[in-house]
Amino acid sequence: MNESVTIRGKDRYKSGVMEYKKMGYWEPDYEPKDTDIIALFRVTPQDGVDPTEASAAVAGESSTATWTVVWTDRLTAAEKYRAKCYRVDPVPNSPGQFFAYIAYDLDLFENGSIANLSASIIGNVFGFKPLKALRLEDMRLPVAYVKTFQGPATGIVVERERMDKFGRPLLGATVKPKLGLSGRNYGRVVYEALKGGLDFTKDDENINSQPFMHWRERFLYCMEAVNKAQAASGEIKGTYLNVTAGTMEEMYERAEFAKQLGSVIIMIDLVIGYTAIQSMAKWARRNDMILHLHRAGHSTYTRQRNHGVSFRVIAKWMRLAGVDHIHAGTVVGKLEGDPATTKGYYDICREDYNPMQLEHGIFFEQNWASLNKLMPVASGGIHAGQMHQLLDHLGEDVVLQFGGGTIGHPMGIQAGATANRVALEAMIMARNEGRDYLHEGEEILAKAALTCTPLKAALETWKNVTFNYESTDMPDYAPTPSVSM
C-alpha cells in the first residue's frame, strides 16, 4: 500500500472503532522533519493482519491512539502529535516480518529524559495482540533533542588524561569468583591484578552488600589495594566500585564514600533503571568521577532477533544518559556478538557522527553534536591469545577486561595480569611498526612469550579456547546495486 487512506473531516471523529491506517497513523507521503525522532521497528503481524495496519497500529499506540475513536482528539493539535508510519518494507530473508519507519514530533517528548522517551516508544505497544512480535531496531535522534542531554560525564579523552594512558586499549579484569570472597581476599585479588599490569579491576554486576562482604568493607580493602598497586607500579590505577543498591539514597551514600576514599571510578548496573542511571551520571559529572555501566539484564530484551530492543538502541540511550563506560561485546568472547553488529555498537559509542551503515545494522545517520564519546568495554571469555583479533576488531579506544583470563592463570593472578599486559604491548608495538599484526598475531605473541613466562603459560593454557557459535542477532542486510555503492 503506497497511498494514504486517512479519513478526513468530521467522519474521522465518529464514535466507534476505526483502522489505525485510516486515523492518520499511516502517511506514506510524509517527509520526516529534521527535528523528528524516527524509530525503526521490526513488525511481525499475526496471521491475516495487514502489515501496513499493524505498523500504523504501532505508530498509534506509541503516540496518541487508543483502541477506539475519542472526540477529545479534537482538543489537541492531533495532526501534529500523531506518530506517522511513512514506510513499510519486507525484512530481507525473513518472511512475515516488516520494517516500519515511524516519525514522532519532537514535542511529544520531555527534554533530557530517557524514561519519558522509552515510555512512549516501547512503553505499551509491545503487548499489542495483533502482533506476534515487535522489535525496536534503531532510532534517529535529532540534534535538537540530543542537546538536551549531558552525555558521558567524563568521555574518552578526559578519561585517558585522568588515567595518563594513551595509544593503547586499557586493560581490566573482573574479580572472580564474583560472589563469596571476604573483603580481605577480594582486595588481594585487586592488588595482584593491578600490580601485575592491569589498569582497572572491577566488581561484577551482582556484588553489592551481602552477608559475606559488606559494601563498605569491600570499598576499603579495594582502595587500599589500588593505592598500594599505584605506589608499586608508578601508574594510575582504578577499580570499579559497584554502588548499585536498593534505593537512590543508598547509591549516593556509596558513591560519596568511594569519592572520599579517592576512587577515580564507580560502577552501576543497567537494571537500576533509566532515571537512576541519569541521576548517577549527573552525580559523576559534578564529582569528576568516571561512571562505568554494566549492561546487566540487557539480553532479556536485546538478544532475540524478532522481539525486544536492539542493543544499538540501548547504546544510544546510554550515551545520552551520560555513562562513561558500557559493555558492548567482544566478537571473539563467550557472549553474544556478531562482528558486523558489534562494530556498529562500537561506532555508536565512539564516533561524533554515524553514517547509515546497513551492513553494521545502523539504519540512520546520527549526529551526536557535542556529546562526549562513550568508552566501550569488551569482556566475557577473552584471553591473551586473542589480543591481535581484539585489537583488529575493536581498535584502541576500548577497555579489554580479562577476568578468567587473568585470575584463572596457572601461575597466579599477578602472572595473569602480566601476560595480558605483555601481549598487548607486543601487539601495539607491532601495529606501530606497520606490521600486519592480525595475520602475524600468533607469531608476534609467540616471540613475546620467549621472554615472558606468564604469557607463554597463558598461550599454552588457552590455546584451543574459542566460542564459535552462530550469533542470534545479525544485520538484516541484502546488498543491492543501490545499497552497496
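Including glycine, each Cβ sits where the backbone N, Cα and C put it.
Note that the structure is predicted; figures quoted are calculated from it, not measured.
Under DSSP, Lys176 (active site, proton acceptor) is assigned to coil, being neither helix nor strand in the three-state scheme. Cβ-based neighbour count (10 Å, all protein chains) for Lys176 (active site, proton acceptor) stands at 15. The annotation active site, proton acceptor is assigned in Swiss-Prot to Lys176 (among others) on the grounds of sequence analysis.
Residue density at His294 (active site, proton acceptor): 26 other Cβ atoms are found within 10 A of its Cβ, drawing on all protein chains shown. Sequence annotations record features per position, and here Swiss-Prot assigns active site, proton acceptor to His294 (among others).
Annotation note: Arg295 (substrate binding site) sits in a coil segment as assigned by DSSP. Within its own chain, Arg295 (substrate binding site) has Leu270, Phe311, Ile314, Ile326, His327 as residues 6 or more apart in sequence whose C-beta sits under 8 angstroms from its own. What Swiss-Prot lists as substrate binding site is Asn124, Thr174, Lys178, Arg295, His327, Ser379, and the listing cites sequence analysis.
Long-range Cβ proximity for Lys202 (Mg(2+) binding site), meaning a same-chain Cβ under 8 A and a gap of 6 or more residues, is found for Gly172, Ala173, Thr174, Val175, Thr239, Tyr240, Met267, His292, Gln401, Gly403. Look at Swiss-Prot and you will find Lys202, Asp204, Glu205 tagged as Mg(2+) binding site, backed by sequence analysis.
Secondary structure at Lys202 (Mg(2+) binding site), taken from DSSP and collapsed to helix, strand or coil, is strand. The N6-carboxylysine feature in Swiss-Prot is assigned to Lys202; the stated evidence is sequence analysis.
As annotated by Swiss-Prot, site 'Transition state stabilizer' applies to Lys334, with the evidence given as sequence analysis.
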Neighbour tally for Asn124 (substrate binding site), based on other Cβ positions within 10 Å of its Cβ: 12
Asn124, Lys176, Lys178, His294, Ser379 screened against Asp204 (Mg(2+) binding site), Cα within 10 Å - retained recorded positions: Lys176, Lys178, His294
Distance [Cα-Cα, Å, rounded] between Glu205 (Mg(2+) binding site) and His294 (active site, proton acceptor): 6
Among Asn124, Thr174, Lys178, Arg295, His327, Ser379, the record's substrate binders - longest CA distance, Å: 36
Asp204 (Mg(2+) binding site) CB neighbourhood, other CB atoms within 10 A: 19
Neighbour-count leader, CB within 10 A, binding-site residues: Lys178, His327: His327
Inter-residue Cα distance where the pair is Asn124 (substrate binding site) and Lys176 (active site, proton acceptor), in Å: 39
